[in-house]
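Since the structure comes first, as structure tokens, the remarks are kept for the end.
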């Protein structure tokens with residue numbers, strides 16, 4: 001896998017070097033910080049599209065929620081209602097002193113006036129969201145320690161898993177049903193059609209719709225890479241051994257076994273990496289403001305976390321071959337606005353499909369990575385609002401919740417890990433030849 005990617009002027013070797021030597025070590029450290037390791041998620045939301053029939057084949061599908069006592073006080077305080085009437089009660093104010101420091105609105109902010117937060121809370125920013133967000137106030141929403149629930153092989157496969165991906169590709173990637181998608185085991189066989197008609201169709205699409213497909217394909221490839229790299233190799237005496245499975249990797253990505261499809265999927269992974277990298281470089285001014293804290297209640301750790309995040313932003317800005325999103329939605333204003341809205345709604349629908357995943361661990365990481373990508377898209381389409389942010393007060397124009405921040409960083413961390421694991425598989429494949 002070498003050379004320049006389609007739809008952007010960047011080569012794979014440059015991304016490999018940049019990721020291995022600059023981004024990967026730092027993003028790994030950042031994900032271990034308290035602010036980024038605890039993610040609040042509702043894994044009990046019913047599938048809105050069909051009766052869930054998914055089953056896991058091994059016990060590792062289970063997600064262990066985090067006991068309240070383990071959650072840092074600053075994170076718990078920041079997840080209360082955006083605007084609570086109880087805040088007017090003086091006793092409640094004493095009890096929730098930490099929450100007041102946060103403004104009881106968003107755990108990235110501190111020491112702001114209550115009036116500003118009330119005003120901000122009234123602002124409805126749902127039009128900016130590319131994802132269906134979980135209601136953090138739901139009794140079914142629980143904190144999960146991502147470090148204790150790593151993404152890895154769970155044995156979740158078969159018709160249930162394929163129905164999820166089939167729904168994503170067939171109904172949400174702007175694809176007419178008459179165009180056969182390569183290697184979809186649920187699609188009826190087309191005889192000699194090896195899927196080339198699909199790529200003829202894809203190349204004929206406008207850039208925006210082509211990008212959309214590549215983002216989804218890249219996400220799919222990344223998830224498959226994680227499962228191959230962290231596979232249940234054996235279990236003896238109740239002790240599981242996890243590690244890279246070269247045979248599984250070959251089955252999913254080898255050019256011969258996948259009829260040339262595997263390398264295309266991996267190129268889409270690199271494309272997705274560039275998109276999220278671009279979003280990180282664009283959102284830097286939001287976090288560079290002194291008003292933004294990565295607040296957990298531990299001042300020393302919070303300061304270190306922010307310094308590390310800003311260091312990563314400096315690295316993202318130093319990369320000179322970004323994807324240029326200015327070429328997207330650049331036609332006539334009315335058509336561009338309509339296309340952007342269609343793009344947003346399609347992606348939002350995909351985030352809802354994640355509630356149909358039948359394995360809790362797969363659902364957790366599916367929701368987190370789609371929310372991370374949705375947050376990246378929200379950033380890329382909010383450049384003007386980010387550039388005009390006030391230094392010392394909350395902004396109505398652009399805002400990120402703690403959940404979005406945690407999802408953004410961890411989703412990019414997963415992509416960085418995928419590209420690192422790909423290097424590892426290249427070495428393993430050379431050793432087996």
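Indices start at 1 and increase along the chain as displayed.
Using the three backbone atoms N, Cα and C, a Cβ is placed for every residue, glycine included.
Residues or ranges marked as active site, nucleophile in TrEMBL: 359. If you look up TrEMBL, you'll see 362 marked as active site. If you look up TrEMBL, you'll see 152, 154, 165, 217, 220, 252 marked as FAD binding site. Taken from TrEMBL, the feature disulfide bond applies to 56-61, 96-131, 359-362.
Taking the features listed in TrEMBL, we show where each one sits on the structure.
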| residue | record | contacts (Cβ under 8 Å, 6+ apart) |
| --- | --- | --- |
| 61 | disulfide bond | 154, 155, 156, 359, 360, 361, 362 |
| 131 | disulfide bond | 347, 348, 351, 370, 371, 374, 375 |
| 165 | FAD binding site | 220 |
| 217 | FAD binding site | 264, 265, 268 |
| 252 | FAD binding site | 224, 228, 258, 262 |
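When Cβ atoms from all protein chains are considered, those within 10 Å of residue 154 (FAD binding site) total 21, not counting its own. Across 152, 154, 165, 217, 220, 252, which the record gives as binding FAD, the greatest C-alpha separation is 21 Å.
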